[in-house]
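Remarks on the structure that follows.
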Amino acid sequence: MEAPANSRDQRCEGPPESVLCRGCVEPLVFLANFALVLQGPVTTQYLWHRFSADLGYNGTRDRVSCSNHSVDPTAQEVETLTSHWTLYMNVGGFLVGLFSTLLGAWSDCVGRRPLLVLTSLGLLLQTLVSIFVVQLQLHVGYFVLGRILCALLGDFNGLLAAGFASVADVSSSHTRTIRMALLEACIGVAGMLASLIGGHWLQAHGFANPFWLALALLIAMTVYAAFCFGETVKEPTPARLFTLRHHRSIVQLYVTQAPEKSRKHLALYSLAIFVVVTVHLGAQDILTIYELSSPLCWDSRLIGYGSAAQQLPYLTSLLGLRLLQHCLADSWVAEVGLTFNILGLVVFAFATITPLMFTGYGLLFLSLVITPVIRAKLSKLVSVSEQGALFSAVACVNSLAMLLASGIFNALYPATLNFMKGFPFLLGAGLLLIPALLIGILERANHCREFQQFSQSP
């Protein structure tokens, strides 16, 4: 849907802000994800080893216990505790993170920079709390406190909302899909580097150093956001943060009447990205536990390689999207990506040896073309003045997906240890059939409407 340029709400009008620096948003997303990926597997492994020490379990180093497939009750208890505390962290982040849904709409008025600074500070606070937990051997419940503090200030989803809205501010409808994929590629490159560094560094120097590096990167990121980022909103002006007006603008995205049923498409594409993100985050939550436990029993070095392979699709999906766009419409490119995503999850479900696990990672090489395609389609359905509200809504969808993913996968994984450890991956593969169906139906509907308009034209 194309909207007139003057559709911005009157409260958002004001004199243009003088911008001293014109830095782009990509370095911020790169640094943020580098810091997060550096901490993610390390936090899971810290929980694993902390609970293992408390329960007197040393199974990850006992290769004999890894070679046989007998059930170790202590190992199962360690897996269950690690999975449950991961769930608690995600639930704590989600419940408070609902507050951040208004930040994207707020950034439509005040600009993207304030939101980027706010989320950078949140990520920095979370890392500080993690450092205290690891250095002082505090109760692992403080990890939940760190997630809550981060969520209060917008979390990584708020950063992504501002980042994607910033890209939408400066890109045309023709280049938007590839620009969004490029931003996601920054996430992937950062993740690969962080995974490779984190795995080796953890094995050589213990748990604390990766958190200190993450802290240094987040300090640099906060400085960049405050002083180097080039504002992309043309007319930023002060606006109140604590007002229902911002939430109302998000709701209006889905209920306001619009031509060509674009609001219905908005809801269906939002459902599609919700399911995709739920499966992606759910599988990501249990992969490290799955790899640490029998029969794989990976050490921190292999965990690092696995995490790097997990981030590689961000880059390969960008290249694949660029190539496939020459012969396929964006929607069919997304369908190809979903197919490979399903295949990769099925392989994970039955992987009992390291080569098979990396085969599953290899099949995911096009799995991340889906989200930039859907984000670009969503962005084209709203006006220029609604981009922040839209990506704030997408951030809310991501937060809800994170909660549901943690609830399903972290609860289902311990419950299925006795009969099939890989069952959650099979469930994820089945769930991905829903967005595949939705995207196919919407693409066919668009094609039929365009054909009818062409046939009716003189």
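Keep in mind that glycine also has a Cβ here, set from the backbone N, Cα and C atoms.
These numbers come from a predicted model, not from an experiment.
Annotation comment: TrEMBL describes 87-106 (among others) as transmembrane segment.
Taken from TrEMBL, the feature transmembrane segment applies to 115-138 (among others). Here the transmembrane segment (115-138) has Cβ contacts under 8 Å with residues 25, 28, 32, 35-36, 39, 43, 46, 103-104, 106-107, 145-147, 149-156, 158-159, 161-163, 207-208, 211-212, 214-215, 218-219, 221-222, 225-226, 229 of the same chain, all six or more residues outside its ends.
Counting same-chain residues at least six beyond the ends of the transmembrane segment (144-168), those with a Cβ under 8 angstroms from any Cβ of the stretch are 25, 28-29, 32-33, 36, 85, 88-90, 92-97, 99-100, 103-104, 107-108, 112, 115-116, 118-123, 125-130, 133, 176, 179-180, 183, 232, 375, 379, 387-388, 390-392, 394-396, 398-399. Residues annotated as transmembrane segment in TrEMBL: 144-168 (among others).
The annotation transmembrane segment is assigned in TrEMBL to 180-199 (among others).
Among the features that TrEMBL reports, transmembrane segment is placed at 211-230 (among others). Here the transmembrane segment (211-230) has Cβ contacts under 8 Å with residues 19-25, 27-28, 31-32, 34-36, 38-39, 42, 112-113, 116-117, 120-121, 123-124, 127-128, 130-131, 134, 197, 201 of the same chain, all six or more residues outside its ends.
Taken from TrEMBL, the feature transmembrane segment covers 266-290 (among others).
Per TrEMBL, the feature transmembrane segment maps to 302-321 (among others).
Summarising the annotation, TrEMBL assigns transmembrane segment to 333-353 (among others).
Annotation source TrEMBL lists transmembrane segment at 359-378 (among others). Residues 164, 176-178, 180-181, 183-184, 188, 265-266, 269-270, 272-273, 276-277, 280, 306, 309-310, 312-314, 316-317, 320-321, 324, 330-331, 333-334, 336-338, 340-341, 343-345, 347-348, 351, 390-391, 394, 435, 439 of the same chain sit 6 or more residues outside the transmembrane segment (359-378) yet have a Cβ under 8 Å from a Cβ within it.
Away from its own ends, the transmembrane segment (390-413) comes close to residues 79, 83-84, 86-87, 90-91, 93-95, 97-98, 100-105, 107, 155, 157-158, 160-162, 164-165, 168, 246, 250, 253-254, 270, 273-275, 277-283, 285-286, 289-290, 375, 378-379, 382, 421, 423-424, 427-428 of its chain (Cβ-Cβ under 8 Å, at least six residues beyond either end). According to TrEMBL, the feature transmembrane segment maps to 390-413 (among others).
Marked as transmembrane segment by TrEMBL: 425-442 (among others).
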